Structure formats: C-alpha cells, structure tokens
Amino acid sequence: MLRCWSVTVERSCEGMLLRRRILSLSASSFRNFTSGNNGDAIPFSTFTKPSSSIAPGDFLVREWKDWFKHRDVKQSHQLIDRIFDILRAPSNDGDDRAFYLHLSNLRLRLTEKFVLDVLSHTRYDILCCLKFFDWAARQPGFHHTRATFHAIFKILRGAKLVTLMIDFLDRSVGFESCRHSLRLCDALVVGYAVAGRTDIALQHFGNMRFRGLDLDSFGYHVLLNALVEEKCFDSFDVIFDQISVRGFVCAVTHSILVKKFCKQGKLDEAEDYLRALLPNDPAGCGSGLGILVDALCSKRKFQEATKLLDEIKLVGTVNMDRAYNIWIRALIKAGFLNNPADFLQKISPLEGCELEVFRYNSMVFQLLKENNLDGVYDILTEMMVRGVSPNKKTMNAALCFFCKAGFVDEALELYRSRSEIGFAPTAMSYNYLIHTLCANESVEQAYDVLKGAIDRGHFLGGKTFSTLTNALCWKGKPDMARELVIAAAERDLLPKRIAGCKIISALCDVGKVEDALMINELFNKSGVDTSFKMFTSLIYGSITLMRGDIAAKLIIRMQEKGYTPTRSLYRNVIQCVCEMESGEKNFFTTLLKFQLSLWEHKVQAYNLFIEGAGFAGKPKLARLVYDMMDRDGITPTVASNILMLQSYLKNEKIADALHFFHDLREQGKTKKRLYQVMIVGLCKANKLDDAMHFLEEMKGEGLQPSIECYEVNIQKLCNEEKYDEAVGLVNEFRKSGRRITAFIGNVLLHNAMKSKGVYEAWTRMRNIEDKIPEMKSLGELIGLFSGRIDMEVELKRLDEVIEKCYPLDMYTYNMLLRMIVMNQAEDAYEMVERIARRGYVPNERTDMILERANRILEERNSRSNLGRNGWNSRQRQLE
C-alpha cells in the first residue's frame, strides 16, 4: 500500500510545487504526444540499439537474475501459479479428468477470497477461468457466492463474451448447486446487470420485490453501478433512493454517484459532491476521488486534476493511494515520460505517491512501445536499487528489453533460467524472443522456444508462427517446421491465419510432397486458409509424383475456395491426369464436368481440355472432347479448331491433321490462322514439302502468310540445303514490304558460316539488290560469313553493319563473338563489354564462346613461352 500523506502544510506545498514542475517540464512533450501515439501493441520487428549508458548485457543478466531470484513471493502466489499451470496444460481430446485429478491432489482449502484471487490471476485466460470456476462449484464444502459470480461475470464481459454470459443466465442452470448460499433471483439481477442488460435485471428485481424479496447491499450496488455504465439515469435515482432508505449508503455508493456525474459530463458537480463529503466522510471522498481524477485526465485537464489532488491532500484525512495511482497512470499514458529518470526523481519525494510494482511495470511497457531503451533501463535499475519486489510482468519486461536491445544471448539465458528464478514467460515475451532469435538466424533455438510455448499451451498468433516456420524453411530445415505444425495442431494451437507461410512450398521443393499434403490436411482440419501459392505448390508437387488424381482434387478445391488457376497450371493438371497409367478417363471426366458446371463460357472449358490432352500426347482424347462440343450443342470456335489441329500436329498424327483440315475446308472454316498453324506444325514435324504446298495454297487463296510461316520454312529449307528456295522466300518476304527479321537474318548468316551455298544462291538472285538497295549489305555479310569476300569494317564493329539489315539480338552477338574468337581471340572480351554497354545480357552460350577464347589464348602463350625458352637454350649452347 502507498504511504499516507504527511499532515504538515510545508510538505504539502513542496508536493504541489513538484507536481506542477512535472507538468510544466512535460508540457512540450505532451503537445508532441497528442499527434504521435497510435497504438498499444509493441512492434516485434523494431530493434533499437541501446546507448552507451546501458551496462553490458552479461552484467545486466547476472544482476537482474539475482534480483528476480530474491523477490518476495508469497506462498499463496506460488500455489496460484501452480493452479494456473495445471489449468493451462493441454487436455487429451477434450477429456478434463486429468486436470480435475491434479487440482484435487493439491488439497486446496477453498474460500471465497482464495477463489477470487485465482480468478483475478487467471482473468486474461478465459478458458482457465471457466475451468476453475466449474471445478470449484463441484467441490464438497464450497459454494459460489455473489462475489465469485460477480467476478466471473466481470471477466466474461471484459473479454467481450457477453453472449456467452447471457446464454448462461437465460438457462439459469449454473446456479442449481448454489441455491443454499446464493438465491437464484439475486444472481440473475447481478448477472444481467454486469452483462449490461439492465432492462432484464430490473425486471428480475421487480419480480423479487413483488414476492417480498430484496437485494442485499452488494446486489444493490452492482445494479446501481450497471445503471450508470449503461447511462440509465432515470432508473438510477429510483435505485439510489432504495439504497438510502435501507441505510446501505457507503463509500461505494459515493464513488458510483461521482461516476454518474462524470458520465453526465458534470465534473464541477462531481467535485462539489466530493468536497461536501470531506468533513464527515473522508473514506467516501477517497473512493470517488480517483474516478474524478481519471475523468479530468481523460479530458486533458491535468492542471485541474493536480489542483484537486493538492487541495484534498491538505485535509490530511483522505486516503490518496488510488487517486495518485490513477493520476500517475494518466501522466504515463499522455506521454509525460520522455525523461523517466527525471520523472521518478520528481515523483519520489511526494508522500502518498510511492509507486507500486504494477505502476513501474506500466511505465516500462509504455517505454518499450516507444523504443526508449534507456528509459526502460533507468526504471528497472531504479526498482532494483529501491528494493521493489519484481513480479512476473517485471521479468517479462526485462526479457523484452534484452530482445529489443539486441542482447540475444542474455535474453536466451534469462529464458533458460525461468525455473531457477520462477519466471513464467507470457505470450508477448515468447513472441519477442522468437522474433529476435529468427532475426539473429538462431532458428534452432527459436524452434525450441516455440515448441516450449506450445507445450505450455500458449497461443502465439499467425505472425510469429509464420516467421519461425519460414525462417526454418529458408535455413533448409523444413522437417523442423513440419514438426512444429504437427505439435501445434495436436494441441489445437495452430493459428487460423498464417500469412505467407512457406512450409508447403519448401517441402515440395525438396521432394517431400507427401509431407506437404499431410501438412495441408492438418491446415484444413484446423481451419487454416490455404493460400493460392500453397495450392500451386501442392499441385505442381503432385504432378511431379505423377499423381494426377491428387492434382485434380486440389485444383477443384482451389476453385471452390475462390481462387482462379492460371491456364498453364490447369493445362499441366490435365496433362498429368491424361498421363496416368490407369483411371485417366474417370478423373479427366470428373474434372471436365466440374469445370463445365463452374464456367459460364463452356467453350473455354472444352478448349482447355483439348489443349491439355494434346500436350499429354493424347490426340484421341482431345478429339473426344472436341466431338462432345457438337453433342452438347456448342459450335467449336476458331480457337477450338486450332487447338485440335495443333493436337494432331504436335503428336505427329499428320494424316489425321490433313483429314481434319480437309473437313474444315469443306465446311468453309479454313481461316488464315488455321493455315498458319498447319504450315508451322508441318515444318516442325519435318514435313517441308507439305508445308510449302500449304504456303502456296494460302497465297493462292489471297491470304498473306504470317512472319512465322516464312521463318520456319526458310529455316527448314536451309537445314535441307535448299538455299535457292530459301533465298527466293527471303526475296518474296522482302518484296511484301516487310523488313528482314532477326530470326531470318540469323538463319542466313549461321548457314553461311557452315556452307558457301547460301552466298552462291544469293549471287544468283542479283535482282534483289537492284530493287531493294539495303539488301546489298546483307549479301555482303553473307559473303563475309562464308569467307568469300573481305570487308573493311573491323569484326568487333560489324554489329553496326548488321543493324542496318535487321534488328540485333543476343543470338546475333554470339555469332559475331564466335567469328572474333576464330580470327582475333584477344578482342573477345572487348566485344563482350560492347555487348553489355548496348544493353544486351550475355547468356550461357556467350560463356562457352569465352571459354574457347581463353583456351586459344592460353595455347598461344604456351607456344610463345616454349619458343622463347628454346631460343634462349640455343643461344646458351652457341655461347
């Protein structure tokens, strides 16, 4: 408890001056704060380098461990900690018999006060609270009271579980075992009042009064307070009159009245009411003073709050503990903590303003949010010097401090000493430590920490879980990440949202697709959303295993989740299904039916399956799907015809392709694109004569062949050394008004390097140069590459000449580089630098050519050295 104020006026004046100094010195910081602070969470990713004023980490951890070890721990607190550990222990498939047995073995002597202490200690873990409350109700010799029910109701409301509480009250079954110690009607009034349903609470109160029953002082005050909280001020006056008539007016009544004035915004009336209590009821004044101070500070009226504290302190009969704690909390929250050491120095002389450990802790956590590590160090050191007994929050704050300060080893040492010093890390501390260890690349230690947290029943959230599992995957330890997921799933502690979790893709990348599928099943059972990337990794992993059935199920589930697969992904799945040795048609049909039911434009679905079957080397299956379109009353589109034709051509079913094309021609459906597909496909199938036939037929139909048609035909003609026809096609292509493409130019120069026939065919087409002057340069280049003519331009600048004939690409530069290496190997690296300057990226072929240049230069150097050594030897012999 805080020390009482001194009665002397001199000390009082000193206190007023000190408090005003705090406010005046912090005014500027307060102004800055009003535009800054924006949250309560301490960011994990923010690490701040501590200043040189902070002692070395190894020294700090030793000193603080001794301080924590010798703290004053009451036996009852140790017992409550033991109860809390039992309550948090995970149960086996919902069977709570083991935890009931463990609690019974403690042979607890249950009293109202002890139950309230346990509920207070576990109030932030709702499940633990409810389990203990239920267990206590079943113990012989103990019955829940108004106070214990009030406590559990407040805890449920604080956790925003009002619906659960109201459902409990509506059924009224939870009170059956408490009837002889707690009347049902009393409990219902108190319960609904705490739940905020004052209308129902008043109905039950009316029924009580009608039957001649009445509330006691406790019940009246709970109801009165609820009416204030819900701003039911008309009903408030009625209940207050009932309290007055029965003589129940006490300090609690006064504090509720002050709260009412504050809720109504009547702060002046609240102050007048408090001052009226000073002469005859200082206890009532003290209980309401904190409420008024809190209201003033919440409206930024710090000067008024300070003045009120000063003046009431002068009376000397009012307990100021609660009011001062609220005042200090408001100062901390408002940002008056820029200089913690100065703040503590000015607070400490104020009698009645002795800080308790929980207030120190609130200052420490506020500074941690602001990354003020010097301030945290000052306060923790001040606590240790003053002999303030730390509690678990203090130790958790120390661990967070070590993490933020970058003292990773020290944080780990403090964590490992938890049994020695009685340290129970909170979920926040676990989060801090795991993030710090991951940032330090100590993923195995982070794994041990998270495994320990899961074993102790802590739920750490998706961010921490994803951070560690991803870190393990990046470190090449996906098996450890898998074990982590399994451990969390077994204890029902798997986060529902795991943003960016890479475990599935990591397992698939190392070939452990079965493990990845198993992890995905755990995710599904635990309600974890499977992301688009997870689905994609699993599908490609299944394709690698040639499990088209699994890939098909996954892509169906993927779309049911609202994701849209890419065309290539779907095509690969269809291809995998088609390539399965058995049962291909079943899965193929199932997948097709699903897609037809999902897509509004059914032609797209049919086309996708025709394409997939063609890629899988199943043209008959592709034709089966194509024919299904007619049976379903859907007219195949040009795209459908193209995909079917490509399916035949890719699988070298030339006769079927020709027959299919003939049928389309009979139906008048041979469009320009179909001709192009036919010509290109025949060339790739090495059916050059047929391709040339369709090229001529296409031109006869008045259709202009595409650039690709010319390119593939020219390439095939050159491959078969039909250079006259190839040059003729080049001439025809150029006459159509199109510029020579890089592909055509490279094919001509490449073949010119292999054979002189290209140049000879070119010379037989002299009319080319007469009608198209820029073709003269191309002819000279062909002659140069054939070795038939010489040019005055340096080889390393030949790209400028080529650029006048057709656009350059990396293939062109590699040909040039190869010529340079053959003739002037020492210029090779200069040419590579020129390539890079012009914005082209060398590839593997470039590297191979450079390696050849190195070998040529090394051979030259070796021969030169041998010749020099031989000359020197002969000279010595002559001498």
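Any Cβ shown, glycine's included, is placed from N, Cα and C.
Source: prediction; values computed, not measured.
Quick look at what Swiss-Prot lists:
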type    : residues : note
TRANSIT : 1-44     : transit peptide
REPEAT  : 181-215  : repeat 'PPR 1'
REPEAT  : 216-246  : repeat 'PPR 2'
REPEAT  : 250-280  : repeat 'PPR 3'
REPEAT  : 285-319  : repeat 'PPR 4'
REPEAT  : 320-355  : repeat 'PPR 5'
REPEAT  : 356-390  : repeat 'PPR 6'
REPEAT  : 391-425  : repeat 'PPR 7'
REPEAT  : 531-565  : repeat 'PPR 11'
REPEAT  : 566-597  : repeat 'PPR 12'
REPEAT  : 602-636  : repeat 'PPR 13'
REPEAT  : 637-667  : repeat 'PPR 14'
REPEAT  : 671-705  : repeat 'PPR 15'
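The predicted model assigns the repeat 'PPR 7' (391-425) a mean pLDDT of 84. The repeat 'PPR 7' (391-425): residue composition by secondary structure is 26 helix, 0 strand, 9 coil, according to DSSP. Sequence-distant neighbours of the repeat 'PPR 15' (671-705) (same chain, 6+ residues past either end, Cβ-Cβ under 8 Å): 638, 641-642, 645-646, 648-650, 652, 654, 657-658, 661, 664, 712-713, 715-717, 720, 725, 736.
Residue counts for the repeat 'PPR 6' (356-390) by DSSP state, with H, G and I taken as helix and E and B as strand, are 27 helix, 0 strand, 8 coil. Sequence-distant contacts of the repeat 'PPR 11' (531-565) (same chain, at least 6 residues past either end, Cβ-Cβ under 8 Å): 500-501, 504-505, 507-509, 511, 513, 516-517, 520, 523, 572-573, 576-580, 583-584, 587, 590-591, 594, 598. Each residue of the repeat 'PPR 3' (250-280) gets a DSSP state, and the totals for helix, strand and coil are 24 helix, 0 strand, 7 coil.
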